[in-house]
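Chemist: Could you have a look at this structure, given as structure tokens, before my questions?
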Amino acid sequence: MRITVIGTGYVGLVTGTCLAEVGNDVLCLDLDASKIEILNNGDIPIHEPGLLEMVRRNVAAGRLQFTTSIEESVAFGIVQFIAVGTPPDEDGSADLKYVTAAARNIGRHMTEYKVVVDKSTVPVGTADKVRQAVIEELQKRDESIPFAVVSNPEFLKEGDALNDFMRPDRIVIGAEDARAIELMRNVYAQFNRNHDRIVVMDMRSAELTKYAANAMLATRISFMNELANLADKLGADIEQVRLGIGSDPRIGFDFLYAGCGYGGSCFPKDVNALINTARENEIDLKVLTAVDQANEKQKHVLLDKIVARFGADLKGMNFAVWGLAFKPNTDDMRAATSRVLMEGLWARGATVTAYDPVAMAESKRIYGDEPRLSYAESSMDALDGADALAIVTEWKEFRVPNFDALKAALKTPAIFDGRNLYSPEFMREQGIEYYAIGRR
Ligand SMILES: NC(=O)c1ccc[n+]([C@@H]2O[C@H](COP(=O)([O-])OP(=O)(O)OC[C@H]3O[C@@H](n4cnc5c(N)ncnc54)[C@H](O)[C@@H]3O)[C@@H](O)[C@H]2O)c1
Ligand SMILES: O=c1ccn([C@@H]2O[C@H](COP(=O)(O)OP(=O)(O)O[C@H]3O[C@H](CO)[C@@H](O)[C@H](O)[C@H]3O)[C@@H](O)[C@H]2O)c(=O)[nH]1
């Protein structure tokens with residue numbers, strides 16, 4: 001099938017590449033010419049394990065192409081995936097200007113039946129707005145070409161995106177048009193073998209399903225983070241608690257890891273967007289409001305622990321920070337806790353030496369030549385002359401450091417671990433002061 005994907009951010013690029021991988025002909029459009037140039041030069045603008053190889057393979061096979069031409073992209077696919085950004089507005093609600101612009105472009109140039117698919121995370125009711133935008137553009141041209149709108153939210157996780165797309169838990173299709181549902185079933189046929197993962201529902205329910213999933217996951221994390229803070233006070237161990245409750249299949253072990261707060265481009269944004277949608281409908285989502293507040297607070301937990309240990313004035317001190325990305329296996333620093341920690345340390349007079357296996361270029365893009373931030377070539381180099389170490393991202397390479405060398409390099413042998421990487425007992429044996437999240 002010929003498929004157009006609009007937007008070559010995380011979701012657009014993964015969607016387009018995976019759809020090409022199973023044999024479709026895919027054209028990806030982005031209006032950011034610099035991204036298309038990178039892609040046409042055989043590289044990718046993001047870090048995602050396995051994606052570069054998959055992009056190159058499909059480009060070489062002639063199944064995957066990139067363009068900045070709207071006309072070409074509208075003409076190409078019978079299915080048009082909209083995978084553009086939906087960043088938060090000033091009040092936290094989702095800004096739909098990129099989505100409606102993409103829809104208008106389709107309406108402006110289409111000459112035959114199209115299925116317009118909302119792949120972006122969009123508030124309930126957006127499918128109606130997309131439909132309206134296409135209709136308005138058709139009317140301006142005095143055309144009445146048939147088309148359908150489908151809501152098909154994406155559930156991939158950064159760092160594991162290819163696996164999530166190629167082997168999805170479920171494929172949600174919100175549609176009310178039989179021809180469109182049939183086409184969408186064909187699009188996903190290759191990802192839907194062995195057992196049926198396709199869940200067809202109405203468009204509003206599909207739109208809400210996406211927010212419900214992220215809100216539920218964020219709630220689990222904030223719940224465990226608050227319990228971890230309590231465990232700190234009570235002398236209990238949150239990891240033991242996780243094992244204790246996770247064995248109940250109604251709860252499960254996954255996604256219950258306490259830490260220094262959730263970040264990324266989705267949870268913080270989507271939780272707030274859902275709170276806003278509810279507010280507009282005179283519903284006060286009390287649980288979710290608390291989830292967001294607890295997370296904002298949790299992002300300060302490492303700094304609080306540092307201040308409790310070294311005092312409020314950190315002038316002249318230098319802290320090694322391991323991990324800048326909001327999670328491992330990505331270079332994404334959107335809403336990353338590392339930013340809250342570093343900015344908090346700077347405000348108290350300290351400097352930072354950071355190390356991240358892939359996100360240092362992104363950090364340089366964000367912070368430019370910030371004098372209070374320097375970068376190390378390796379995790380161990382970051383420790384040289386530092387007063388203490390803070391860990392923000394659980395990169396695999398941080399899991400088994402040389403603790404003797406670590407102790408020797410730090411002025412104070414203290415680790416503030418926002419991701420609970422080590423056994424507190426082992427740290428005590430090593431003579432390392434260990435401040436984790438809810439561990440004992
Ligand atoms: N990042 C994730 O892990 C993830 C996972 C699931 C869902 N989502 C959702 O998917 C959507 C996209 O997320 P992302 O992280 O890929 O976004 P992004 O901001 O990284 O990328 C969006 C891309 O769309 C391009 N664009 C904007 N308007 C355009 C237009 N009219 N025509 C063509 N290109 C246009 C931008 O130049 C940009 O390259 C968001 O709604 C997000 O919430 C993201
Ligand atoms: O037990 C856990 C699990 C995660 N996190 C944190 O939660 C954040 C988000 O992690 P994750 O969900 O793995 O990454 P995302 O790529 O943001 O993926 C989420 O957001 C996407 C965009 O909507 C959805 O598609 C995915 O299903 C959803 O998991 C990160 O800061 C993690 O450190 C925790 O603190 N504890």
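A Cβ is built for glycine as well, from the same backbone N, Cα and C atoms used for every other residue.
From TrEMBL, here are the annotated features:
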ACT_SITE  CYS266  active site, nucleophile
BINDING   ASP30, LYS35, THR86, THR121, GLU158, LYS269, ARG334  NAD(+) binding site
BINDING   PHE155, LEU156, LYS157, GLU158, LYS210, PHE255, LEU256, TYR257, ALA258, GLY259, GLY263, LYS327  substrate binding site
DOMAIN    320-424  domain 'UDP-glucose/GDP-mannose dehydrogenase C-terminal'
Chemist: Measuring Cα to Cα across PHE155, LEU156, LYS157, GLU158, LYS210, PHE255, LEU256, TYR257, ALA258, GLY259, GLY263, LYS327, which the record gives as the substrate binders, how far apart are the two most distant ones in Å?
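Modeler: Between the most distant Cα atoms of the substrate site, 24 Å.
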Chemist: Could you say whether, by DSSP, THR86 (NAD(+) binding site) belongs to a helix, a strand or a coil region?
Modeler: coil
Chemist: Taking Cα atoms as reference points, which of the recorded positions ASP30, THR86, CYS266 is nearest to PHE155 (substrate binding site)?
Modeler: CYS266
Chemist: Among the recorded positions PHE155, LYS157, GLU158, ALA258, CYS266, name every one whose Cβ is found under 6 angstroms from ligand 2, counting any of its atoms.
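Modeler: What lies within reach of ligand 2, judged by Cβ under 6 Å, is PHE155, LYS157, GLU158, CYS266.
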Chemist: Per DSSP, how many helix, strand and coil residues does the domain 'UDP-glucose/GDP-mannose dehydrogenase C-terminal' (320-424) have?
Modeler: 35 helix, 19 strand, 51 coil
Chemist: Enumerate same-chain residues with a sequence separation of six or more from the residue listed as 'active site, nucleophile' and a Cβ-Cβ distance below 8 A; give 'none' if the list is empty.
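Modeler: For the residue listed as 'active site, nucleophile', the qualifying residues are THR121, ASN214.
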Chemist: Determine, to the nearest whole angstrom, how far the Cα atom of LEU256 (substrate binding site) is from the Cα atom of ASP30 (NAD(+) binding site).
Modeler: 37
Chemist: So for LEU256 (substrate binding site), how many other CB atoms are inside 10 Å of its CB?
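Modeler: The Cβ of LEU256 (substrate binding site) has 19 Cβ neighbours within 10 Å.
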Chemist: Near ligand 1, which of the binding-site residues GLU158, ALA258, ARG334 are found, taking a Cβ distance under 6 A to any of its atoms?
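Modeler: Near ligand 1, sequence order: GLU158.
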Chemist: How long is the line from the C-alpha of THR86 (NAD(+) binding site) to the C-alpha of GLY263 (substrate binding site), rounded to the nearest angstrom?
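Modeler: Pair distance, Cα basis, whole Å: 16 Å.
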Chemist: Specify the secondary structure state of GLU158 (NAD(+) binding site) as given by DSSP, simplified to three classes.
Modeler: coil
Chemist: I need the most crowded of these binding-site residues: LYS157, LYS210, LYS269. Count other C-beta atoms within 10 angstroms of each C-beta and give me the top one.
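Modeler: Checking each of LYS157, LYS210, LYS269, the winner is LYS210.
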